[in-house]
């Protein structure tokens, strides 16, 4: 029996994990084992919202060392993380400034400024990327305007997964799928767009040309002295999650559900027409030259903040209490900028309901019900937008990632969208990370080949839409999910 042992480092906005995958070639069997799980979160430092990258690096190394201590031969390592954020380095490879997080307010007003100065349509035609106030282009503009004293010291700008790969190998890389999230990559050339870079204030010399997933960046030397290849996987966690989504046919959509919810479909060509621009659709890079045509939805970030503020530890009990409440009494727009990082999420949700003359969610369960119903309705709205964009309805929706364990939200999504939902795999980003490693090791042919492995080994659950549910009646009552957006705008 031939085995491959691959390690995936998967960092999310709220937690990180080091996972060991064991692939058996003859039976095409893939098993995962968690080696080390650790917390991640936002920190306040010198007036900025930041990431503790030193703590994350220590946790990554701890996890890798644990594998080596077990005497396991590691064939390769891959790292995926969230997008848009970066670390600046000087000529000696030392950090310049702070690793500021995308939820920091330093970019306020800069997106509108860019649209006014460069033209919204021109930016979109160049990048194909949706307008989000924290995109890297606006973060760099904020840095170069607000901290010009740092500029002479900057030699390199590395996105978060590339930074950790650099820390392991000493080699720099700019991986394509994550680079596209910056809104700085030209959609036609797959290279940095000089006009957009110039507006950001960044120097093109800070960046190397983006490379597609599947190349070996360098090697990590383990404590035992072995050199282990570090592979450039699809380093944006959503790109990895999509690779592991067992999409079957052209009418399948995906929803990567976690702190963020990313809903979309795969395409061989980008969508940058006026309809896509009006809907704020993004065309992020995927594996094998595919585009991830999708839209960002605020996701379970709202719930995470409520759990934190109300000090709720028993999530299953909360979901059970939530399920007992009537649907659609409290509806908000989860994508409103007011929910990006408010001082108090509970108060912000209540204020949004008050301002739209709705009942006010007071209890823990009412707040959760508000979030779940609002997300499900927004999912339906976005799915409708995506279907209109491509001119064809979807037949099924694959929900992957940690959020797919929320059976209540899965069923609400199926009911609101009127579509069959297939939930799983939970560790989609990790699996997609492993998939690219196995392709790089010549164990698998391509993404479709890997998806067959996922389909046969992952635990998948199907949710059938119930047209008689409260949320389905709510959607039918307003006749079109497009109106939902207006109701909660």
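Yeah, the Cβs are placed from backbone N, Cα and C, and that goes for glycine too.
Quick caveat, the model's predicted, so the values are computed rather than measured.
Together with 13, 14, 15, 16, 17, 259, 304, Swiss-Prot lists one candidate of 109, 170, 391, 402 for binding ATP, that being 402. Matching 83, 93, 97 to the substrate binding residues that Swiss-Prot gives (236, 237, 238, 296) identifies 83.
Separating the Cα atoms of residue 68 (disulfide bond) and residue 402 (ATP binding site) is a whole-number distance of 27 Å. Across the residues annotated as binding substrate (83, 236, 237, 238, 296), the two Cα atoms farthest apart lie 14 Å from each other. Of all the recorded positions listed (13, 413), 413 sits in the most crowded Cβ setting, with the most other Cβ atoms within 10 Å. Cβ neighbour count for residue 304 (ATP binding site) (all protein chains, 10 Å cutoff from its Cβ): 16. Cβ packing within 10 Å was compared across the binding-site residues 15, 296, and the lowest neighbour count falls to 15.
For the ATP site, whose binding residues are given in the record as 13, 14, 15, 16, 17, 259, 304, 402, the maximum C-alpha distance rounds to 18 Å. What surrounds the substrate site, by Cβ distance within 8 Å of the Cβ centroid and not counting 83, 236, 237, 238, 296, is the set 82, 178, 181, 239, 256, 260, 262, 284 from the same chain.
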